[in-house]
Amino acid sequence: MSTLLTQVIPNSSTSMAPTFLLVGMPGLSAAPSWWTTPLIAVYLLSALGNSTILCVITLEPTLHRPMYFFLFLLSVSDIGLVTSLMPTLLGLALADAYIVPASACFLQMFFIHVFSVMESSVLLAMAFDRALAICRPLHYPALLTNGTVKKIGMAIAFRCLGLHMPLPFLLAHMSYCRPQILTHSYCLHPDVARLACPGAWGAVYSFSVVLSVMALDPLLIFFSYGLIGRVLQGVGSSEDRWKAGQTCAAHLSAVLLFYTPMILLALINRLKLPLPQPAHTLLSYVHFLLPPLINPVLYSVKMKEIRERILKRFQPKKVGYTQ
């Protein structure tokens, strides 16, 4: 590691950064094969689970409804996110590839944040979908038409691509006054932007984009669930409350799974809590790797329609024999 530092630190002048130095999970560099196996397993299971959701929704006409369209987008974002993380994670695990070229770093950073913002936006859209279905059940079909859903999908695409397209170019042309040593095993633009020279307005833009999404979305999601909770309090039958709550259980679990590690990391950084680096790194891994792995399980278990269609598609067909 010391030789790597000497290769990177001299680049910490007021110039564009040609390379960055990644940080692996402390203690795992001595046993890379042990680290590789869980990484590959997480990726394959995530890809398999989300691909199954995508196939079932695509092939079943009865699932071509707004709620399942958003679930389709969630699975797309999960596959994209876990795929974007793998190059540097597997590079560290298999080849101790701590040094990453700036161009590759910015490319990975772009895709990680596009799919992260896509996931956050889809979770927000799903929260509004559940709020409309429970709070305005009679108006729901008229409000959430196919045309409205397409517009929401286009807005999500613009939010992901339009806001984040300038970031790699801005960071690529900024001057860096600090050693290009990142604090994660992958490239994140707040991590890169903090290395820039003071007064770099591109760093300000990158922080504002991240905060506008990752701070606003959870607030709006929990506001939607506040409306749902108020409506459910007025429902007389406990059985009806239970059924309505079950329709939100998978989504609420996905929301907590995605945002809790991120909020904890933000609080730790903001309050400057003395958290060991391995715990900090582990929280980051949980935030990015666990939702793509767990979300298909959550929706398969909690959503009866998805579970039944999966069983129907993958159960062996009985072959009849004629005498």
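Cβ coordinates are placed from backbone N, Cα and C, and glycine is handled just like the others.
Pulled from TrEMBL, these are the features on record:
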{"type": "DOMAIN", "residues": "49-299", "note": "domain 'G-protein coupled receptors family 1 profile'"}
{"type": "TRANSMEM", "residues": "40-59", "note": "transmembrane segment"}
{"type": "TRANSMEM", "residues": "71-94", "note": "transmembrane segment"}
{"type": "TRANSMEM", "residues": "106-128", "note": "transmembrane segment"}
{"type": "TRANSMEM", "residues": "156-176", "note": "transmembrane segment"}
{"type": "TRANSMEM", "residues": "204-228", "note": "transmembrane segment"}
{"type": "TRANSMEM", "residues": "249-270", "note": "transmembrane segment"}
{"type": "TRANSMEM", "residues": "282-301", "note": "transmembrane segment"}
The transmembrane segment (282-301) in contact with the transmembrane segment (156-176), cutoff 8 A, at least 3 CB pairs, sep 6+: no
Contacting positions for the transmembrane segment (71-94) when only residues 6+ beyond its ends and CB under 8 Å are counted: 22, 24, 28, 32, 35-36, 39-40, 42-43, 46-47, 50-51, 53-54, 57-58, 100, 104, 108, 111-112, 114-116, 118-119, 122-123, 125-126, 153, 156, 185-187, 254, 288-289, 291-293, 295-296, 299, 306
